[in-house]
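One structure coming up, written as structure tokens, with questions to follow.
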Amino acid sequence: MNDNYLILSIESSCDETSLALFENNKLIAHKISSSASIQSLHGGVVPELASRYHEQNINHLFNEILNETKINPLTITHVAYTAMPGLPGCLHVGKVFAKQLAVLINAELVPINHLHAHVFSASINQNLTFPFLGLVVSGGESCIYLVNDYDEIKVLNQTHDDAIGECYDKIARVLGWKYPGGPIIDKNYQENLATLEFIKSQPAAKDFSFSGLKTAVINYIHNAKQKKISFDPVVVASSFQKFAINEIIKKIKYYLNLYKLNHLAIGGGVSANSLLRKKIQSLDVISYIPEMIYTGDNAAMIGAYAYALIKNHKKSILIK
């Protein structure tokens, strides 16, 4: 049996088109093209624009990888792609490209759960030890997992309303700041100015819920504007970030203690947040934190997770 794998991976779940090439677990090429600058003109992601962007760029990125690596595409053994979750039109572009390519080059098709790939995004350049607690915080999801193996991933807590990243984007937009909101709010964060209390903290065991926080912050801004009361946007943004990150940390501590775990892996776009990373690193556990380039949507995490599944004769769990 051939144990040498050449894996092309594809990510197209939202507004990033990304392709990567792995020789076994070694990343040898990685391309990301984002439509965020286009989306920012509309204040957020427009699904139709995002899927059209994927269609325009996916072949170009594939050709860039071929030119850069000089590989013969017929030597690719596996084509991994994000199967779910994501924007339907965007996922469709990646899926069609992956399927057509796999047929043309006679490669094995590997559908991947995007969220579980985020869980393992830190494994691109380090080994993870099972069992561990997994945290995925992004524009679409806020989830905590118990991870016993590559295909044994149990949801412990997840949001049933707005994801944390979505709240960042919407609050930034109401403040008049550009999309995406996460990096801008984080850049402007000042702990000594985080003085506002919008809502009360929730019990640690309760599912993630950021809708009430988002609504309270936006109402505060709207009320101030309507009454012509001046306010400092940095105070509002800092207060929001401090509360939101503290809620995440509180839940992490709860589940680490509940399951007697001392390993923690984080992923997703919000895992790039400097306050979250700082607080994670201060916990008395072994933490796996992805490099900044691997925090957002990217094909490297898809390929790394695909390799682990292939190598260990496992399949991605195609449910959240």
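Heads up, the Cβ atoms here are built off N, Cα and C, so glycines get one too.
According to Swiss-Prot, the Fe cation binding site annotation covers H114, H118, D297, on the basis of sequence analysis. Taken from Swiss-Prot, the feature substrate binding site covers V136, V137, S138, G139, G140, D169, G182, D186, N273.
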With a 10 Å radius around each C-beta, find which of these binding-site residues (H114, H118) has the fewest other C-beta atoms nearby.
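Fewest other Cβ atoms within 10 Å, among the binding-site residues H114, H118, is found for H114.
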Could you check what DSSP calls V136 (substrate binding site) once collapsed to helix, strand or coil?
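Strand, per DSSP.
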Look up G182 (substrate binding site) in the DSSP assignment and report helix, strand or coil.
helix
Any idea what the Cα distance is from G182 (substrate binding site) over to D297 (Fe cation binding site), rounded to a whole Å?
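D297 (Fe cation binding site) has its Cα 14 Å from the Cα of G182 (substrate binding site).
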Which binding-site residues are spatial neighbours of H118 (Fe cation binding site) here, meaning Cα within 10 Å, out of V136, G140, N273?
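The binding-site residues passing the 10 Å Cα test are V136.
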Taking only the Cα atoms, work out how far N273 (substrate binding site) lies from H114 (Fe cation binding site), in Å, as a whole number.
20
List the Cα distance (Å, whole number) between H114 (Fe cation binding site) and V136 (substrate binding site).
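The separation of the Cα atoms works out to 10 Å.
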Measure from the CA atom of D297 (Fe cation binding site) to the CA atom of V136 (substrate binding site) and give the result in Å, rounded to a whole number.
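With the alpha carbons as reference points, the distance is 12 Å.
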Other residues with Cβ within 8 Å of the Cβ centroid of H114, H118, D297 at the Fe cation site?
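Nearby residues not in the site list: E11, S13, T82, G86, L115, A117, S121, V136, S138, G267, G268, N298, M301, I302.
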For D297 (Fe cation binding site) and G140 (substrate binding site), determine the Cα separation and express it in whole Å.
11
Using DSSP and three states only, what is N273 (substrate binding site)?
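The three-state answer is coil.
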How many angstrom lie between the most widely spaced Cα atoms of the substrate binders V136, V137, S138, G139, G140, D169, G182, D186, N273?
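The two farthest binding residues have Cα atoms 18 Å apart.
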